[in-house]
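Some features that Swiss-Prot has for this protein:
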ACT_SITE  Asp256  active site, nucleophile
ACT_SITE  Glu284  active site, proton donor
BINDING   Asp54, Asn56, Asn59, Asn60, Gly78, Asp80  Ca(2+) 1 binding site
BINDING   Tyr127, Trp128, His167, Asn220, Leu221, Tyr222, Asp223, Arg254, Lys259, His260, His354, Asp398, Arg402  substrate binding site
BINDING   Asn166, Ile217, Asp226, His260  Ca(2+) 2 binding site
SIGNAL    1-27  signal peptide
SITE      Asp355  site 'Transition state stabilizer'
Amino acid sequence: MKKISKLTTALALSLSLALSLLGPAHAAPDTSVSNKQNFSTDVIYQIFTDRFSDGNPANNPTGPAFDGTCTNLRLYCGGDWQGIINKINDGYLTGMGVTAIWISQPVENIYSVINYSGVNNTAYHGYWARDFKKTNPAYGTIADFQNLIAAAHAKNIKVIIDFAPNHTSPASLDQPSFAENGKLYNNGRDEGGYTNDTHNLFHHNGGTDFSTTENGIYKNLYDLADLNHNNSTVDTYLKDAIKMWLDLGIDGIRMDAVKHMPFGWQKSFMATVNNYKPVFTFGEWFLGVNEVSAENHKFANVSGMSLLDFRFAQKVRQVFKDNTDNMYGLKSMLEGSATDYAQMEDQVTFIDNHDMERFHNNSANRRKLEQALAFTLTSRGVPAIYYGTEQYMSGGNDPDNRARIPSFSTTTTAYQVSKKLAPLRKSNPAIAYGTTQERWINNDVLIYERKFGNNVAVIAVNRNVNTSASITGLVTSLPAGSYTDVLGGLLNGNNLTVGSGGSASIFTLAAGGTAVWQYTTAVTAPTIGHVGPMMAKPGAAVTIDGRGFGATKGTVYFGTTAVTGANITAWEDTQIKVKIPAVAGGVYNIKIANSAGTSSNVHDNFEVLSGDQVSVRFVVNNATTALGQNVYLAGSVSELGNWDPAKAIGPLYNQVIYQYPTWYYDVTVPAGKTIEFKFLKKQGSTVTWEGGSNHTFTAPTSGTATINVNWQP
């Protein structure tokens, strides 16, 4: 456990010495590797499996698919799961404070070598799946994957898999022999290909131009065979496949291309995960520079998964890499995103990845990367470091941003920044769960405070690498005392003296300087930091993490419904496990009261589902609208808004699968339940319901369905 930085009393020094003599403390439940729902205390390291380490040359592809020199970055280079195991066991990952790895999609990919514009391409990246129930042999066998899970867990590292259920592989409707025709296999059984698709496994609507959300969902991404999630075979297959990987012991899922799959189907997918073996899940929804998307926020708040925080990444790159914005822009991003995302602590922050040019380029000042990394590691959300960032890898867009890692040096400054700061996420709950407050700012300097209970971390960053800054008038929540820079001056930071009322002495923050000061203390009042998953049915398990819960069972509240006794399956000072009570579907606030009756803060936006979920396509014909009007769907279950127009599903689509005046939408609804519903038209605050009796429909118990009705005048 990280020691308290305050150095004012002999008692503190004696306590620190005693703790050091005791050795590593048993991990608190909320920080344990076994906590699959909460990654707020973790640092993720994203590994492009083929580009990391070749631990078993015997599984390398042969022939034109392989380039052992990694000169053609579109071919396999040899990285595999054994290579990752080796780097886990030699301490490279644990040495930089990594507690979770995100690996390439592990499923079997196509074996074809595809020639695009005279250049051979392979599925080295893992995104050209053929069988979601088998492994990619270039990465390893099922046994190798199980060994990876075991090796990671033995070193307190969680394992996240990339998962791309949007599509299979490249295909051409005009050339059935192109590549592998996008074929989908079910544990070796051929389910069908893109051409002669008699089972309707795929969409056949052409390629997306990205002009609308609907266009991006129901048309192909480039030449990738787009799976039809409204097909019961596809739906069941993908849900069974993820169950297989959950059974193998994964701790998290990164969902590829969530903007390009039906939102209702994805919510039913997450309900399946959460009701089976819930794990932390986050999706990829790309946002460009300065792009703020209400659809993106809504998805993160209601889908049951969080997102890669592109808004964070783009702003950090502007401020530290490109110098196209300043610290006020960074502050604005932090404040705006905290309002827009209901679970800010679950959004995954980063500075670069495999779909962006690398943060560092050969001519750049390395300090810019080091500061961006320090900012990410101490900011809200779950930080993810792209492999090789710690080695200052450079490279433009795909595939140059996916080169083989050049070395595994543990002495680079970037590696040391992670080594020193990553452990704070487990030792100081202010970093994992705390609020964020700006304490001092100008164009080049930002000093911000993270706080949880009386635990505090203060971070000062001067992005100007040429000019120091005199810091006067800084007030923090740190108790009076002297604080050492957690980085130990690695980024030219200084120590800090704080007087009464949190007032800091005047100091100079060096050019390009970054300092981190922190204080930890026990939290005595019950304080919730994290709840996961944030969506499940009654009877499912929910994990509540935080501090100050006490050792004796108290009460958990879902709204006004109290849960006590055997329905609380675990109660420790930092973690509670509870079964969702038999309440009606809807959104609830969660809070706890300890055994003495002291109430915690409220954690809001928890969705209780009405039961197991299935994806249903609702279609309404002849729904003509005036300019500015849109069609929505409401009904008798919480998943359809319980007849509340403000919570109605929509606006519905009318361009791709069906065309105006027919409207449609894929929605998750309770399986096997008879549902009443109607469509309505909305324009601003004006609502027009369709006439006649309510439509009635009984949802299937599994698979998918389509319900098609006419608008009732």
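Using N, Cα and C of the backbone, Cβ positions are placed for all residues, glycine too.
Cβ neighbour counts within 10 Å, taken over all protein chains shown, single out Asp80 as the most crowded of the binding-site residues Asp80, Asp223. Sitting within 8 Å of the Cβ centre of Asn166, Ile217, Asp226, His260, and not among those site residues for Ca(2+) 2, are the Cβ atoms of His167, His203, Thr208, Gly216, Tyr218, Lys219, Asn220, Leu221, Leu227, Ala257, Met261.
The Cβ of Asn56 (Ca(2+) 1 binding site) has 19 neighbouring Cβ atoms from other residues within 10 Å, across all protein chains displayed. Using a 10 Å Cα-Cα cut-off around the residue listed as 'active site, nucleophile', the recorded positions Asn56, Leu221, Glu284 reduce to Glu284. Across the structure, His260 (Ca(2+) 2 binding site) and Asn56 (Ca(2+) 1 binding site) are spaced 36 Å apart at their Cα atoms. Of all the binding-site residues listed here (Asn60, Asn166), the one with the fewest other CB atoms within 10 A of its own CB is Asn60. The Ca(2+) 1 site, placed at the center of the C-beta atoms of Asp54, Asn56, Asn59, Asn60, Gly78, Asp80, has further neighbours from the same chain whose C-beta lies within 8 angstroms: Gly55, Pro57, Ala58, Gly79, Gln82, Gly83, Ala138. Under DSSP, Ile217 (Ca(2+) 2 binding site) is assigned to a helix (H, G or I) in the three-state scheme. Of all the binding-site residues given, namely Asn59, Asn60, Asn166, those whose Cα is no farther than the 10 Å limit from the Cα of Leu221 (substrate binding site) are Asn166. Each residue contributes its Cα atom, and for the residue listed as 'active site, proton donor' and Asp54 (Ca(2+) 1 binding site) these two points are 27 Å apart. Of the candidate recorded positions, Asn56, Tyr127, His167, Asp355, the one lying closest to Ile217 (Ca(2+) 2 binding site) when CA atoms are compared is His167. If you measure from the Cα atom of Asn166 (Ca(2+) 2 binding site) to that of Lys259 (substrate binding site), you get 10 Å. The Cβ of Arg402 (substrate binding site) has Phe48, Arg51, Leu73, His125, His354, Gly395 as same-chain neighbours under 8 Å, each 6 or more residues away in sequence.
For the recorded positions Asp54, Asn60, Asp80, Asp226, Asp355, a Cα to Cα distance of within 10 angstroms from His167 (substrate binding site) holds for Asp226. Of the listed recorded positions, namely Asp54, Asp256, Asp355, the sparsest Cβ surroundings within 10 Å are found at Asp355. Asn59 (Ca(2+) 1 binding site) falls within a helix when secondary structure is assigned with DSSP.
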